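Take a look at the structure set out below.
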Amino acid sequence: MSSMKIAIAGASGRMGRMLIEAVLAAPDATLAGALDRTGSSQLGQDAGAFLGKQTGVALTDDIERVCAEADYLIDFTRPEGTLAHLDAALRHDVKLVIGTTGFSEPQKAQLRAAGGKIALVFSANMSVGVNVTMKLLEFAAKQFAQGYDIEIIEAHHRHKVDAPSGTALMMGETIAAATGRTLDDCAVYGRHGVTGERDPSTIGFSAIRGGDIVGDHTVLFAGIGERIEITHKSASRVSYAQGALRAARFLAGHQAGFFDMQDVLGLR
């Protein structure tokens, strides 16, 4: 397999730096571009400076140039930025790995439509462990569909800007689909004041923000006389970066299509 020419969006951020480190360490990948936001004080710096390495790739805000030089773009940024990058990727036939969260349903529809022209993987969480957890939740939801209250509790660092997390929503969507519903039909986001008794048909969400928590997710199936908890905890962002590279390798075999990590891992 020839070396994958990969560009990283949000290259100066926490996740972007982890992705750059992963690409530089991968024997089958080459860092082809490092995209940062317009106005960043780090524009023009070498993308490997934070590692004490010279990559020869400078941080830039020129998405057209980045897409002209790369075959793959890995994007963990924000919805508006990702959609702008998507337009450029479509023009240059660049394959996309998208880990951005916080998309609206119409924005997600744009991503799905793009799969008719280019190959892309979109997942709120690229971790192999999280995606295996989704299969466990699918099985558990069918067994506990009656007589168990379902709550999803997630915790992240103080800098995270969206809530609930994309992973928590993905968990809720998995559970809802396994029980013949849509998440919009049954989700309850936080509780406050006099709420009355719990509606047993709902899926509750609670979000915690604090410190440097990378990402903790627990799904609670609470019955009478017992409760079952399925938990995934991320100790670092390494698992996300490795999952993103795995997604890029998967896309090497596809010219077009909209995929997620369940496809990448063969869990369908």
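Cβ atoms are placed via backbone N, Cα and C, with glycine included.
The annotation active site, proton donor/acceptor is assigned in Swiss-Prot to H156 on the grounds of sequence analysis. Listed in sequence order, S165, A207, I208, R209, I213, V214, G215, D216 are the same-chain residues six or more apart from H156 (active site, proton donor/acceptor) with CB atoms under 8 A from its CB.
Here Swiss-Prot flags K160 as active site, proton donor, drawing on sequence analysis. Under the DSSP three-state reduction, K160 (active site, proton donor) is assigned to coil, being neither helix nor strand. Counting every protein chain shown, the number of other Cβ atoms lying within 10 Å of the Cβ of K160 (active site, proton donor) is 16.
According to Swiss-Prot, the NAD(+) binding site annotation covers G10, A11, S12, G13, R14, M15, D36, G99, T100, T101, S123, A124, N125, M126, on the basis of sequence analysis. Within 10 Å of the C-beta atom of S12 (NAD(+) binding site) sit 21 other C-beta atoms, taking all shown protein chains into account.
For R37 (NADP(+) binding site), other Cβ atoms within 10 Å of its Cβ number 17. Annotation comment: Swiss-Prot describes R37 as NADP(+) binding site.
Summarising the annotation, Swiss-Prot assigns (S)-2,3,4,5-tetrahydrodipicolinate binding site to H157, G166, T167 and lists sequence analysis as the type of evidence. Following the DSSP three-state reduction, the secondary structure of G166 ((S)-2,3,4,5-tetrahydrodipicolinate binding site) is helix. Here G166 ((S)-2,3,4,5-tetrahydrodipicolinate binding site) comes close to T101, G102, A124, N125: these same-chain residues lie at least six apart in sequence, with C-beta atoms under 8 angstroms from its C-beta.
Nearest to H157 ((S)-2,3,4,5-tetrahydrodipicolinate binding site) in space, judged by Cα atoms and limited to the binding-site residues S12, D36, R37, is S12. The Cβ of S123 (NAD(+) binding site) lies under 8 Å from the Cβ of I98, G99, N131, M170, G243, A247, D260, M261, each of which sits 6+ residues away along the same chain. Other C-beta atoms found within 10 angstroms of the C-beta of H157 ((S)-2,3,4,5-tetrahydrodipicolinate binding site) number 13, with every protein chain shown included.
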